[in-house]
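**Q** Following this message is one structure expressed as structure tokens.
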Amino acid sequence: MQEKIAVLAYSGGLDTSCCLKLLEDKYNYKVVSVAVDVGQPEDDLKEPEEKAKKLGVLKHYTIDAKEEFAVDYIFRAIKANALYEGYPLSTALARPLIAIKIAELAKEIGADAISHGCTGKGNDQFRFESVIRTKAPEIEIIAPVRDLNLTRTEEIQYAKEKGIPIPVDLEKPFSIDENLWGRSIEGGILENPMIETPKECFAWTVDPKIAKDEEEYVEIEFKAGVPVAINGQKFDAINVIKEANKLAGRNGVGRVDIIEDRVLGLKSRENYECPGAILLITAHKALEQLVLSREELVFKEMVDSKYADLIYKGLWHEPLRHDLDAFVDKTQERMNGIVRAKLYKGSLRIVGRESECALYQENMVSFENKDMDQREIVGMVKFHGLQAAIFESLRNK
């Protein structure tokens, strides 16, 4: 009888390490593990590979997807000002790409199943499985932690029985996910929304209280809606994001602590570090205010909100997402310019912006010239609010 093979999305954490052994013990699969590089630390790629091999996988793959993540995902998110309840979607944005790469590998090696370590309460099960079913509908999906209804304590006990190194303990079980666009921190004492996030949770952002005492000015240049240079220095896609992370992070900008509405309907307390994302999206929105018309801005705000909602829910391949991209891309054709931001001890302010495509005309708004004859406005003003005036007259009869 031919061995059945499962491709496991493997991070090296407790959930996926338990999945690796459970696939062998409970499901009778041989395991091929894979990590997709979307900008996580080098150790977060090296250690899982070593750990997977020690735990007996047939083979481990590391797939470099950083460039694709930056260009095809992050840049799209910037153009759409993608924020879900104030969160720049760092984890949510990476999941479709990771799922695509895993599905492609599974098809390439003829795997019988694809497995992940998602729980039944989180968002990632929706994000992974919607993409996998789109890209590889013929391949079975197995989620051992969810399907066996395991608690964190039960996982730790199972790991001890199987000799799996435990990366967390019961006193400090923070779950951290990191990629090029940001870090997410959840679990443990953070589940109590009244407890302030401990300082040790943060890695990318300096505590605003001890950030440097001088204001730092940053100029970001955009071409067709995407950042191409910072402070006059040109960067490729990956490094422009890294530079933004560095500059905002060292000034304490980019910490997000929210109560978030999950796909399932649960509310969860989430902490994020996303300095570059906050800086770039804030600057991009400032440029749009300069360039787009009022009607475009009002409509695009609705588009941006829906775009973020689709990403958060894992609906990357939803036809509407492609439709929204078409609108967003059209608005970004003239989104060229420079935005100046001031960073200081956790605060971010836009203090300047310029564009050759600006609809802002200084000569027309200035109080010091007569390019626009004020007397010609009288007729327009007379009928402004006409319906409200009629309504009031009827109400007062």
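Placed from the backbone N, Cα and C atoms, the Cβ positions cover glycine too.
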**Q** Can you pick which of Gly86, Gly110, Gly117, Gly120 Swiss-Prot lists for the same ATP site as Ala9, Tyr10, Ser11, Gly12, Gly13, Leu14, Asp15, Thr16, Ser17?
**A** Gly117
**Q** Say Swiss-Prot lists Asn123, Arg127, Ser175, Ser184, Glu260, Tyr272 as binding L-citrulline: which of Tyr87, Tyr217, Tyr307 is in the same site, per that record?
**A** Tyr87
**Q** Spatial neighbours of Thr119 (L-aspartate binding site) among the binding-site residues Ala9, Ser11, Gly13, Asp15, Ser184, defined as Cα within 10 A: which are they?
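**A** Among Ala9, Ser11, Gly13, Asp15, Ser184, the ones whose Cα sits within 10 Å of that of Thr119 (L-aspartate binding site) are Asp15.
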**Q** By a simple count of other Cβ atoms within 10 Å, which of Asp15, Asp124, Glu260, the binding-site residues in the record, is least packed?
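**A** Comparing Cβ neighbour counts within 10 Å for the binding-site residues Asp15, Asp124, Glu260 gives Glu260.
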**Q** Near the ATP site, what residues other than Ala9, Tyr10, Ser11, Gly12, Gly13, Leu14, Asp15, Thr16, Ser17, Gly117 in the same chain have a C-beta no further than 8 Å from the centroid of the listed C-beta atoms?
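**A** Everything else in range on the chain: Cys18, Cys19, Leu20, Pro48.
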**Q** Provide the three-state secondary structure of Tyr272 (L-citrulline binding site) computed with DSSP.
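**A** Looking at the DSSP assignment, Tyr272 (L-citrulline binding site) belongs to a strand.
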**Q** Let me spell it out: for each of the binding-site residues (Ser17, Thr119, Asn123, Ser184), count the other Cβ atoms within 10 Å of that residue's Cβ, using every protein chain shown. Which one has the most?
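**A** Of the binding-site residues Ser17, Thr119, Asn123, Ser184, the highest Cβ count within 10 Å belongs to Ser17.
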**Q** How many Å separate the Cα atoms of Ser11 (ATP binding site) and Arg127 (L-citrulline binding site)?
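**A** Pair distance, Cα basis, whole Å: 16 Å.
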